[in-house]
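Below is one structure, written out as structure tokens, with a few remarks after it.
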Amino acid sequence: MDRRRFLTLLGSAGLTATVATAGTAKAASTGTFPGYKDSYGVLHDTTRCIGCRKCEQACNEVNKLPAPKAKFDDLTVLEKTRRTDADSWTVVNRYNAAGLDHPVFRKQQCNHCLEPACASACFVKAFTKNPDGSVTYDGSLCVGCRYCMVACPFNVPAFQYAEAFDPLIQKCTMCHPRLAEGKLPGCVEICPKEALTFGRRKDLVRIAHDRIRQNPGRYIDHVYGEQEMGGTAWMYLSGVPFSATGMNEELGTKSAPEYTAGALGAVPMVVGIWPILLTGAYAITKRKEKIAAEEQAEAVKQAVAASRAEADDKLKAALAKADKDKEAAVTREVKKAVDEARKTFEEELAAKEQPEAPEGDDAGKPGEDA
């Protein structure tokens, strides 16, 4: 994220005041958005859920999340109430509701609000409400303030506390990439009991009310998420009070941006402090990037030096071998010349040492007649 874009975002958020006068902090957005007309959603019928955790498995595989400590067929994890985290974007919990002789199971994940509190609270606009109904997150814009975690009424966004260098927010995306390919969300596709129904939100609202009307006594006469917090893409049916399955029934119907704008705006603050704090956050981020770049450059430098040293060693070894080979060749030639000279000398000496043949002249020998 470059400095120009960062400061531009600060300007659009109304946080670049340079006069340090007493004022009131404002949320990044105070407007309302009724949602996309033909957006999609999911209806979760908790009366059908059997707590098999197949949805958790599908979510893990589709999003390539880390392997869990307990296998997905290990149902002992249901003995404790869990919440989503950076490595688990959806979880199923078991509840023992009063008056029932069997447990109730409910899947938990991002509800993909029509007017997301996370998007409203995020001053760098790292969250996006998409036309397909999903709410997605762009980690390249995030500065790690975690306002989204505070703003979310459903406690969904999770921070990667275990990541030391580049922690990000993690949450369900409603399988946004799969929707773009015309596929169902992974959890919906794998559910063996059709406890999850995917479709256009307006159709799901109708389906939910039809089930309530056609099955008297089976459901609470309410579709959770139809109106809560201005409405959510993920909605619920239940046979017991929603509070019995850990859901907040006191949220009201006012949209989340109105709540977050009021909450942030109620905090008295010196306006001039915001640029300092946020520029400081930017500086920390840039310093981290600079250190990483320096470490990378140093690693490359060391690698080049090591390669050069290795090449020098190889060259020295080759030259030494060449000198040794040359010396050996000279020694061989000298020895050869000496051997040839010795051989020639010995041949000449042998020739000189041979006796001369007697002369053939017989005149004047005694006893011969004149």
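Including glycine, each Cβ sits where the backbone N, Cα and C put it.
Spatially close to Cys49 ([4Fe-4S] cluster 1 binding site) yet at least six residues away along the chain are Val92, Val104, Phe105, Arg106, Lys107, Lys193, Ala195, judged by Cβ distances under 8 angstroms. Secondary structure at Cys49 ([4Fe-4S] cluster 1 binding site), as computed by DSSP, is coil. Marked as [4Fe-4S] cluster 1 binding site by Swiss-Prot on the basis of similarity to another entry: Cys49, Cys52, Cys55, Cys191.
Swiss-Prot lists Cys59, Cys172, Cys175, Cys187 with the feature [4Fe-4S] cluster 2 binding site. Secondary structure at Cys172 ([4Fe-4S] cluster 2 binding site), taken from DSSP and collapsed to helix, strand or coil, is coil. Sequence-distant contacts of Cys172 ([4Fe-4S] cluster 2 binding site), defined as residues of its own chain at least six apart whose C-beta falls under 8 angstroms from its C-beta, comprise Cys59, Thr84, Trp89, Thr90, Gln109, Cys110, His112, Val156.
Counting Cβ atoms from all protein chains shown, Cys152 ([4Fe-4S] cluster 3 binding site) has 21 others lying within 10 Å of its own Cβ. Annotation source Swiss-Prot lists [4Fe-4S] cluster 3 binding site at Cys110, Cys113, Cys118, Cys152, citing similarity to another entry.
DSSP assigns Cys142 ([4Fe-4S] cluster 4 binding site) to coil in the three-state reduction, placing it in neither a helix nor a strand. Long-range Cβ contacts of Cys142 ([4Fe-4S] cluster 4 binding site) within its own chain (separation 6+, distance under 8 Å): Val124, Ala126, Leu168, Ile169. Marked as [4Fe-4S] cluster 4 binding site by Swiss-Prot: Cys122, Cys142, Cys145, Cys148.
Taken from Swiss-Prot, the feature region 'Disordered' applies to 345-370.
Annotation source Swiss-Prot lists topological domain 'Cytoplasmic' at 1-258, citing sequence analysis.
Under the heading topological domain 'Periplasmic', Swiss-Prot lists 285-370.
A Cα-Cα distance of 13 Å separates Cys148 ([4Fe-4S] cluster 4 binding site) from Cys113 ([4Fe-4S] cluster 3 binding site). Looking only at other Cβ atoms within 10 Å, the busiest spot among the binding-site residues Cys59, Cys110, Cys122, Cys145 turns out to be Cys122. Ranking the binding-site residues Cys113, Cys122, Cys152, Cys187 by Cα distance from Cys55 ([4Fe-4S] cluster 1 binding site) puts Cys187 first. Cys118 ([4Fe-4S] cluster 3 binding site) has a Cβ environment of 26 other Cβ atoms inside 10 Å. DSSP assigns Cys110 ([4Fe-4S] cluster 3 binding site) to coil, not to a helix or a strand. Here the binding-site residues are Cys52, Cys113, Cys175, and the one with the most other Cβ atoms within 10 Å of its Cβ is Cys113. Cβ neighbours within 10 Å of Cys148 ([4Fe-4S] cluster 4 binding site), excluding its own Cβ and spanning all shown chains: 24.
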